[in-house]
Amino acid sequence: MSLQASEGCPGLGTNVFVPQSPQTDEEGSRSGRSFSEFEDTQDLDTPGLPPFCPMAPWGSEEGLSPCHLLTVRVIRMKNVRQADMLSQTDCFVSLWLPTASQKKLRTRTISNCPNPEWNESFNFQIQSRVKNVLELSVCDEDTVTPDDHLLTVLYDLTKLCFRKKTHVKFPLNPQGMEELEVEFLLEESPSPPETLVTNGVLVSRQVSCLEVHAQSRRRRKREKMKDLLVMVNESFENTQRVRPCLEPCCPTSACFQTAACFHYPKYFQSQVHVEVPKSHWSCGLCCRSRKKGPISQPLDCLSDGQVMTLPVGESYELHMKSTPCPETLDVRLGFSLCPAELEFLQKRKVVVAKALKQVLQLEEDLQEDEVPLIAIMATGGGTRSMTSMYGHLLGLQKLNLLDCASYITGLSGATWTMATLYRDPDWSSKNLEPAIFEARRHVVKDKLPSLFPDQLRKFQEELRQRSQEGYRVTFTDFWGLLIETCLGDERNECKLSDQRAALSCGQNPLPIYLTINVKDDVSNQDFREWFEFSPYEVGLQKYGAFIPSELFGSEFFMGRLVKRIPESRICYMLGLWSSIFSLNLLDAWNLSHTSEEFFHRWTREKVQDIEDEPILPEIPKCDANILETTVVIPGSWLSNSFREILTHRSFVSEFHNFLSGLQLHTNYLQNGQFSRWKDTVLDGFPNQLTESANHLCLLDTAFFVNSSYPPLLRPERKADLIIHLNYCAGSQTKPLKQTCEYCTVQNIPFPKYELPDENENLKECYLMENPQEPDAPIVTFFPLINDTFRKYKAPGVERSPEELEQGQVDIYGPKTPYATKELTYTEATFDKLVKLSEYNILNNKDTLLQALRLAVEKKKRLKGQCPS
């Protein structure tokens with residue numbers, strides 16, 4: 001990887017080395033130096049910027065990067081819009097820069113003035129390698145009702161030139177000549193360079209641990225001593241109660257072993273605040289208490305290992321010691337596959353090569369680089385998908401094709417089949433019929449006892465214990481327990497990480513379970529992100545951030561594990577993966593109507609870019625990825641209330657966000673890996689992306705696209721052949737069509753869509769390939785339809801007149817027993833669907849073998865094109 005210096009930029013890029021990496025050309029790319037119409041700069045003629053140590057964007061790399069001092073001077077506004085019809089605006093400006101501090105600062109309020117002038121300055125310490133976007137919110141102060149939020153300006157600080165004053169006039173409403181005038185100054189910080197870890201999208205900053213011990217100055221009974229309320233702003237813990245003790249404290253004493261710990265970013269200008277207990281005094285019959293204000297102490301003056309003593313009133317002392325946290329992260333920042341998965345693939349290749357030689361009757365063994373990566377991709381559909389998947393897998397097993405697959409991906413009801421099978425470490429090498437018989441026993445049994453009072457009391461106790469462990473209990477956890485009782489006889493202690501036993505020798509395909517990460521108050525149209533689970537890791541492929549599966553649900557800060565929580569039992573994961581209750585009303589409307597844009601647009605905030613061409617062409621342009629300056633105007637009270645109702649998710653699954661504290665790299669939008677999955681409105685608003693959220697809100701993928709393709713389309717996996725098993729209700733081709741459209745928009749190699757949309761004209765199997773695109777996978781598509789099965793009970797074996805009734809499988813009729821909402825089937829209904837699915841696989845053996853040959857030939861052809 002070569003390094004190049006950015007040329008001719010007086011801003012943050014001067015003398016800074018940046019890694020050269022592949023980029024994708026996107027329409028509307030926001031690269032380039034641009035100024036507002038009234039933007040000006042003033043050179044302060046100060047010395048050069050210290051160099052930056054290079055950090056590679058595709059791996060997890062460390063490097064040193066300087067911090068800078070930012071001064072923001074809010075000067076004035078002109079022609080402020082009126083929030084109230086009867087009076088002028090009581091205007092103030094709020095400043096929020098979450099990459100420097102979570103605290104919002106504000107100017108004073110100037111009442112009844114259309115042209116307020118503040119001339120107030122605010123200081124921040126910022127890190128030059130993260131995307132710093134300042135939010136300037138103009139508000140109208142109200143004494144009785146909540147303040148009115150008039151608008152917010154989003155300003156990318158990458159535009160600022162180092163050691164140059166930048167004077168900006170933001171044209172907020174050109175028609176009304178409304179204008180906000182602000183001045184920026186970026187200077188050197190006295191702090192030493194900060195150690196960063198980054199993958200080119202996310203950045204982990206330096207973290208310290210503050211140990212706090214309280215000591216009582218006076219001898220008193222322990223029961224009379226009061227806890228001290230200690231807060232460290234910007235820390236993970238924020239506020240803790242510290243119990244004072246009587247023993248003297250030193251750095252090596254046992255006191256610090258039981259001290260309260262606060263994890264905080266070292267260069268965030270954090271402060272410790274201590275609430276002073278009330279002091280009581282009496283005079284005769286009168287007894288009074290007196291409370292003093294909190295005591296504050298900046299932490300930037302506290303050196304590593306140094307113990308600082310802070311007097312707290314007359315009765316207590318606070319002893320504090322700061323130690324650096326390990327630079328090694330517990331979150332893996334990187335886009336490559338984890339070592340455990342790479343090791344599995346090496347073992348699985350041996351199994352696949354042997355199976356392909358037997359199935360295709362090859363004369364010679366396949367070389368390691370000639371073995372295609374074959375995957376089975378299942379969609380969702382409740383009990384229908386679970387049942388049908390058993391039949392499909394049985395058919396593949398009878399054709400000896402299960403050993404040819406390296407991956408199985410699924411969502412929703414398909415995960416019920418996958419999780420059940422992977423309880424057996426050798427399931428794919430055993431006859432599946434006993435497992436299918438066991439599944440039938442549970443599908444046909446009465447589900448009502450699962451809701452009896454004694455069972456509900458057990459659920460309540462389970463959920464209470466889960467809450468005590470540290471999880472946020474939601475309705476989907478109850479749904480997971482219900483699935484467990486409906487599909488099993490007893491409590492299942494298995495966990496996702498336990499499925500590694502089924503992969504230890506490469507004996508089974510690697511299972512990947514897919515969900516989407518959403519926001520509680522945002523429609524899926526505006527925001528959703530692919531979130532994958534495997535026995536090895538869980539994570540978000542867009543950010544290149546993964547954690548071991550046994551740590552999912554634990555608490556992290558800045559990439560470091562700060563509180564471990566016991567791993568969830570698999571039933572809770574099943575509730576999450578098939579969380580059919582997590583839809584909000586707007587998403588439900590979008591799924592059932594074609595006119596969703598009316599409600600979607602009407603309830604949205606108004607967003608507009610306000611920057612024009614620069615008037616100072618002599619100022620050089622920066623190569624950094626700069627966001628346009630944007631004005632966000634909130635919706636009306638009515639539209640906000642309506643949207644709040646429409647987008648509220650009552651039963652969404654919430655888990656602690658393992659990206660908490662991490663920040664976005666200044667060039668995250670230019671990163672090709674991020675761009676590959678950048679598909680939502682909020683991707684250009686870094687302060688609103690997942691790293692800034694406290695919790696992950698995970699949802700059944702079927703509410704967006706009912707397919708589990710994305711994990712297989714990662715360039716690190718690069719599947720050569722995907723066997724698409726479809727189980728959705730309604731249009732059988734819709735998930736495939738949506739995937740094709742999505743891949744076209746995202747420039748992801750995928751075969752072209754050329755199938756009829758009507759279910760009546762569909763065949764049992766389609767072979768799709770794109771010879772013009774060598775990186776596109778071959779796809780064999782199996783819609784869930786009843787075609788030749790009506791007349792044939794096995795390939796080439798016709799049904800007798802008495803057996804014709806067995807071929808009548810009503811999958812999608814108005815009275816179908818296979819509706820997604822149905823959890824219980826009759827034995828005959830279950831058997832028909834399993835046999836239909838098995839038949840459709842067996843009857844298309846030739847198409848499957850053709851696809852396998854094409855995959856092998858493609859692999860050999862690509863090998864021949866590679867230089868030796």
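Any Cβ shown, glycine's included, is placed from N, Cα and C.
Swiss-Prot lists 1-46 with the feature region 'Disordered'.
What Swiss-Prot lists as domain 'C2' is 46-170.
Residues or ranges marked as Ca(2+) 1 binding site by Swiss-Prot: D84, D90, D140, D142. If you take the C-beta of D140 (Ca(2+) 1 binding site) and look for same-chain residues 6 or more apart in sequence within under 8 angstroms, you find A83, D84, T89, D90, C91, D147, D148, L150.
If you look up Swiss-Prot, you'll see S412 marked as active site, nucleophile. A sphere of 10 angstroms centred on the C-beta of S412 (active site, nucleophile) encloses 30 other C-beta atoms.
Residues or ranges marked as active site, proton acceptor by Swiss-Prot: D700. Secondary structure at D700 (active site, proton acceptor), taken from DSSP and collapsed to helix, strand or coil, is strand.
Marked as phosphoserine by Swiss-Prot on the basis of similarity to another entry: S800. In the three-state DSSP scheme, S800 (phosphoserine) is classed as coil.
The feature region 'Required for localization at membrane structures' is assigned by Swiss-Prot to 857-868.
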From recorded positions S412, D700, S800, the one whose Cα lies nearest D142 (Ca(2+) 1 binding site): D700
Compute the centroid of the Cβ atoms of D84, D90, D140, D142, then list the same-chain residues not in that set whose Cβ lies within 8 Å of it, in sequence order, for the Ca(2+) 1 site. A83, S87, T89, E141, D147, D148
Quick check on the recorded positions: of D84, D90, D142, D700, S800, whose CB has the lowest count of neighbouring CB atoms inside 10 Å? S800
Distance [Cα-Cα, Å, rounded] between S412 (active site, nucleophile) and S800 (phosphoserine): 37
With helix taken as DSSP H, G or I, strand as E or B and everything else coil, how many residues of the domain 'C2' (46-170) land in each class? 3 helix, 65 strand, 57 coil
